[in-house]
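Report on the following structure.
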């Protein structure tokens, strides 16, 4: 810093003195002063911009919070497909900002770009909400509408991403740089507030509200769409107050053209007779100005450090996909509150708001007092290590979940349980195949085997013969089964004898946190069971078996049941996370129906609170990596290259999501092993980044100031030339 300069927020401390007379200037008409907020230096127009950003971020993060479970529950995609499409959408949201910036800088300007692409965003939310209406066609229609809606949302939300914050900065005069800095802090707060509130509310709209007999995804997508409409209306209301700078040209395009020309010109002049140049970018000197070439040289040094960064984002962005899927296999009952699986994502914005001041005001200062030179690159490397530890913690939790989960049938295997609905005990033997020892004990009346038994098959499908011994009777029955399935053999009275029914249970896949229930009706009349306004089950007479239905976790003390001439209520009790229940309707009295409740698959046992350490670690890593990375990048590049750096930073996020997409589709690993893989990959990348950072020589701020950053007034007489800096955000 110049010794005469004490405050960088001021343009200059001394005015140049000239001995020559200055000719009088013609008076120009005074510019109309824009309205301020409560007499401050803040333009009133920024209030509309901040509210717009809050609503837009609410719509984006709210929709995204329930997106993975929408793929699972509504479209019935598997985990890998759901993860891949989720990250493909996220990646597209970070590619489209380059398009939005190009449109704003080269054609429409920021204001019109925000308006037009917000309309595209609104249309995308409307289509996305329509894709969640079961009455609108079948699965193909829902899938097409969903993908079209997501593409429009990605174009809209990504396209305005580089425009809104910068447009707010345009509203300030240069002399109000301090207020502009505080505006950006408020803008960032609006982003996190929108994310925090939406990731808490939209899962409640999904799970606590029922429509069309299931979770109300139409409402969970519709409310964010409504917030996007509000965002557009609020932004348009401030139109007359805004400063609307005209398009200034796309610096990103200029940089790309400069690099391309330098490379092509170098290859055209490969002859040994042509003198070599000091730097490969110097081959652009025939077409581009020297200052631009110097700025691009400085830029490429920073972009080289960006090469390892996508791997960090590959881990960070799995909070909404793989970690949400993990939460569906855990128990969300915290005692004082029941947390939905997709609500765990609220921890990230909440912890960001806590960790940023904690790190800035406490941790970094303590490290500095210990005499440790904790540079920006070191902070970023530590952030990577914390993300590695977060995924190691996630792998540990996943292993514990697998230990508590019921066994899965493999190739040429089935899992079998036996339910005895007869009035006395039954001895059952599986004939042949050395399976007769699996069911050695007698099964008492209205009891079941304590767990599923694994039965081995000779082929993929097979007929099994069972010997049932009841009183003095011996009954032989035959049933067909197929590999990799769960079965219940139901023994029932048949006059003075018994018979059996083989029923396929829930398939060998998780219910993703939902509760699965079904009914067996032993009465001689049909029973209709209503589980909600739109959920109804018809159970046939004489040991009819209903289909499975999935419902939200909760207490069901009075489920409405109806026979041909009577109405009853049935107490199902607590239906817990991830469990599968069988209710056997055994009797009908004046007081109501009586049912035997049996838990086929136990509820999730691992508490969702065990995800807290991994969220805390990855969020701490995000604060150290993301915030510090942007700060470092901006300090190492000329002001003319800030927008290029922003585009490159967003590209690293997009590439990180593509990495997750590829791994999810082609790794073929079990989930805990995939978490370990990501952790190890980032650790290797962290080592590479640390080596790159070790040899990186930071550039001093005065070495990268362009002409627009300097004021060197011409002085006459014995006055001293003073160099003055402008504050850059």
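The backbone N, Cα and C atoms fix where each Cβ goes, glycine too.
Taken from Swiss-Prot, the feature N-linked glycosylation site covers 435 (among others), and the record attributes it to sequence analysis.
If you look up Swiss-Prot, you'll see 472 (among others) marked as N-linked glycosylation site, on the strength of sequence analysis. Spatially close to residue 472 (N-linked glycosylation site) yet at least six residues away along the chain is no residue at all, judged by Cβ distances under 8 angstroms.
What Swiss-Prot records for 508 (among others) is N-linked glycosylation site, and it gives sequence analysis as the kind of evidence.
According to DSSP, residue 528 (N-linked glycosylation site) sits within a strand segment. Summarising the annotation, Swiss-Prot assigns N-linked glycosylation site to 528 (among others) and lists sequence analysis as the type of evidence.
Here Swiss-Prot flags 587 (among others) as N-linked glycosylation site, drawing on sequence analysis. All protein chains included, residue 587 (N-linked glycosylation site) registers 11 other Cβ atoms within 10 Å of its own Cβ.
The phosphoserine annotation in Swiss-Prot covers 9 (among others).
Positions annotated as phosphoserine by Swiss-Prot, on the basis of similarity to another entry: 28 (among others).
The region 'Disordered' annotation in Swiss-Prot covers 1-34.
Taken from Swiss-Prot, the feature region 'Extracellular domain (ECD)' applies to 402-611, supported by similarity to another entry.
Residues annotated as topological domain 'Cytoplasmic' in Swiss-Prot, with a curator's inference given as evidence: 1-57 (among others).
Here the topological domain 'Extracellular' (79-87) is broken down by DSSP into helix, strand and coil counts: 9 helix, 0 strand, 0 coil. Among the features that Swiss-Prot reports, topological domain 'Extracellular' is placed at 79-87 (among others), with the record citing a curator's inference.
The topological domain 'Cytoplasmic' annotation in Swiss-Prot covers 109-113 (among others). According to DSSP, the topological domain 'Cytoplasmic' (109-113) comprises 4 helix, 0 strand, 1 coil.
According to Swiss-Prot, the feature topological domain 'Extracellular' maps to 135-139 (among others), an assignment based on a curator's inference. Outside the topological domain 'Extracellular' (135-139) by six or more residues, the chain places 75-76, 145, 212 with a CB less than 8 A from a CB of the stretch.
According to Swiss-Prot, the feature topological domain 'Cytoplasmic' maps to 161-183 (among others), an assignment based on a curator's inference. Taking H, G and I as helix, E and B as strand and the rest as coil, DSSP gives the topological domain 'Cytoplasmic' (161-183) the counts 20 helix, 0 strand, 3 coil.
The DSSP breakdown of the topological domain 'Extracellular' (205-217) into helical (H, G, I), extended (E, B) and coil residues amounts to 5 helix, 4 strand, 4 coil. Per Swiss-Prot, the feature topological domain 'Extracellular' maps to 205-217 (among others); the stated evidence is a curator's inference.
Annotated topological domain 'Cytoplasmic' per Swiss-Prot: 239-295 (among others), in sequence order, evidence recorded as a curator's inference.
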Applying a 10 Å Cβ distance cut-off over all chains shown, what neighbour count does residue 528 (N-linked glycosylation site) have?
14
Using a Cβ cut-off of under 8 Å, list the residues of the same chain at least 6 residues beyond the topological domain 'Cytoplasmic' (109-113) that approach it.
100, 103, 159-160, 163, 166-167, 170, 239, 242, 244-247
If you measure residue 587 (N-linked glycosylation site) to residue 528 (N-linked glycosylation site) at Cα, how many Å is it?
15
